[in-house]
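J.: Pulled from TrEMBL, these are the listed features:
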TRANSMEM  12-33  transmembrane segment
TRANSMEM  53-72  transmembrane segment
TRANSMEM  78-99  transmembrane segment
TRANSMEM  106-126  transmembrane segment
TRANSMEM  146-166  transmembrane segment
TRANSMEM  173-191  transmembrane segment
TRANSMEM  211-233  transmembrane segment
TRANSMEM  245-265  transmembrane segment
TRANSMEM  271-293  transmembrane segment
Amino acid sequence: MMTSEIRETSPPIAAGIWIAVISSFINGSTFVLQKKGILRSRKRGGSYLRDGVWWSGTLAMIVGQMGNFLAYNAAPAVVVTPLGALGVLFGAVLASYVLQEQLNVLGKLGCVLCCSGSVVLIIHSPESESVTSSLELEERLADPVFVTYSLLVVILLVVLMVWVAPAHGTSNIMVYVSICSLLGSFTVTSSKGLGLAAQGAFSGGPSSSRALALFLVLLGTLSVSVLIQFTFINKALEHYSSNMFEAIYYVTFTSTVLIASAILFREWTAVGLVDCLGMVCGLTVVAVGVLLLRISSEASLTWKQTAKAPDKRD
């Protein structure tokens, strides 16, 4: 039977979905506010670390990430992550007012597709996951497939941050996007795992010491990943428009998170063929939506540059 019967969804999962929706709107404002702060500080010739608007965007990011943490521990990651499309929608609308990045027809269509795709993903989402305790989580973390995946991600991140970013980060947006998205493999899985590890760490059982050690490792991994993400997000916003970065970042971030979640938590095992096809269609619709937003942003930028260029005709 299809998992699309969301009317039977348990209260914790329903609460997680609502938290994810609210967090998406909050997260949608972060890039816009931080970009605004960067532009304001650039005009003044100072550092954006002294700009109040930039700090408001940073505060919104912290609140949004806290909401994501709660959502990931109440609902499957394959449900929470795609809901970030709502943040893309809100960010595009907010950018049109705060940054004067106006949406054309393609941009508006992209926003509609983002919302539509998110609804499809929720309808066909899984209702449960197979990892329910810290002991099971330890077994999954030690799985050779996940260990191999994690090592490959770490190696790729080192190459991107040490060699590629200094040379090509300011000329190719995919460098910063790739770094931030690959880090999502650790931030989301750590957030999800922290909830499971906390249950065993603070239960007072015989395995509480092992669970506490796992909890601290996951917390450290989450903290380091978030700090590095934060650094490279601001580097990207210094050189690229918020709409373009957020749209591409959302697609790549969602893809890496879904892969990591599928490997570690095996949330796909509860999805039937029909629901699997439905989720693929939903993600495809979302991807097309954010692609249209990117095209819209590039078209607007080209128009502005053409309008500002001096007329060379005599």
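Keep in mind that glycine also has a Cβ here, set from the backbone N, Cα and C atoms.
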J.: Looking at the stretches 12-33, 78-99, 146-166, 173-191, which one shares the most CB pairs under 8 Å with the transmembrane segment (53-72)?
T.: 12-33
J.: Give the one range among 78-99, 146-166, 173-191, 245-265 whose Cβ atoms make the most pairs under 8 Å with those of the transmembrane segment (211-233).
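T.: Counting Cβ pairs under 8 Å, the winner is 173-191.
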J.: Go through the chain and flag residues at least 6 beyond the ends of the transmembrane segment (146-166) whose CB is under 8 A from any CB in it; none is fine as an answer.
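T.: That would be 140, 175-176, 178-179, 182-183, 185-186, 228, 232, 235, 259-260, 263-264.
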J.: If we skip the immediate neighbours and take only residues 6+ beyond the ends of the transmembrane segment (173-191), which ones have a Cβ under 8 Å from one of its Cβ atoms?
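T.: Beyond its ends, the transmembrane segment (173-191) has Cβ neighbours at 68-69, 72-73, 77, 81, 149-150, 153, 156-157, 160-161, 164-165, 218-219, 221-222, 225-226, 228-229, 232-233, 235-236, 239-240, 244-245, 248-249, 252-253, 255-257, 259-261, 264-265.
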